[in-house]
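Accompanying notes for the structure given below.
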Amino acid sequence: ADPIPLPRLGHGGMGGTQSLALPLGKGPHHVGCTDVMVGRTRQGLFFRLFYPCVPQAGAERPLWIPRYEYCGGLADFAHRSRRWCAPLLSVTIGSCRVPVSWNGPLKPSSSGYPLIIFSHGLGAFRTLYSSICSELASWGFAVAALEHRDHSASATYFCAAEAGREEWIPYQQVPQGQKEFYFRNKQVHQRAEECVRALRLFEDIRSSKSVPNALHQDFDLSVLKDSVDLTKVAVMGHSFGGVTAVLALVKEPGFRCAVALDAWMFPMENALYPEVPKPVLFINTEKFQTPESVAKMKRLSSRNSQTKIITILGSVHLSQTDFTFLTGKLVSRIFGARGTLDPYKGLDITSQAALAFLQRHLNLQEEFSRWDNLLEGVGDSVVPEAPFCRSNL
């Protein structure tokens, strides 16, 4: 039961130039980003931080796929041969860049930016949700997109104590003979704990503790001290990251709400559903969910009238990742990344619904309530709840 359906590659027509056209954020702020790695063991943390920045002419744009190793991990995840798939991905998408300022100077905020901790899906990593993360940052959020170390990322690494030595953590399938639920349940708990540790890290920065970045970026984390409002923190994620966000609400009272994009609800144990104390916004795609998964979401919405479930029509599971913005046949062939809905419109619906929900539950003084109708599933290409669909799960 692989949560991300992967089509078999057919013969013929492998051509088609790839280009990544990630949209610029539509909000009032320019967006900067930096990578943060804390600690020298796998118990540390690794994330990409997106934040409102001061625009600078000629700012560098970061690579979308940060290292070649991630191409190998994507090949493993997609059950393809590393030998041909990794170099092919590297050649076709390896030079794509994200339209944000790398290590750009933080735009100071007297009131502090609300914080979102973002959890990626199975086989993904910290950069594959750059479109939604930079969109939210453009509206005045700090967004920390984690790279999980539970073997669910297509690849990740930490910098061990010896100078410059990297230790890589590969993607891992469910071990033969092991029940998938037990394997995934252990992972989802580790992931939710990493979300909590990310919040602790921002608390350390706020209390002026020194937080050394193992990656030696030209970005001083202490500038965040007075510019992030830790009374306004949400957790968000896609697929495996969606259920991670729900579980993080159980573990950490500092998270005031969760936004779950096409959540894969399978890994969380039933006993914890009554423990979810805060509202969740479930934004589903049309082609992924099963009745079992939706029934679990409804257990939460029946207990909390502020928990909402909506579905975006014409979308598929990967519509909520950056893959949907890749033009060209190759990656669509490997990952099946496109629905029928225009990807820019899909991103608008997702971000506007999330912003309306975050305004409501983080008590923001913004104009995001103009999108409140989306939370009821009212609008073009959205419906309330989850229409039954045959899924690939």
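Glycine is no exception: its Cβ is also placed from the backbone N, Cα and C atoms.
What TrEMBL records for SER239 is active site, nucleophile.
The active site, charge relay system annotation in TrEMBL covers ASP262 (among others). In sequence order, HIS238, SER239, GLY242, ILE283, ASN284, THR285, PHE288, GLN289, HIS317, GLN320 make up the list of same-chain residues 6 or more apart from ASP262 (active site, charge relay system) whose Cβ falls under 8 Å from its Cβ.
As annotated by TrEMBL, active site, charge relay system applies to HIS317 (among others).
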Original post:
What is the Cβ neighbour count of HIS317 (active site, charge relay system) at a 10 Å cut-off, with all protein chains included?
Top reply: 29
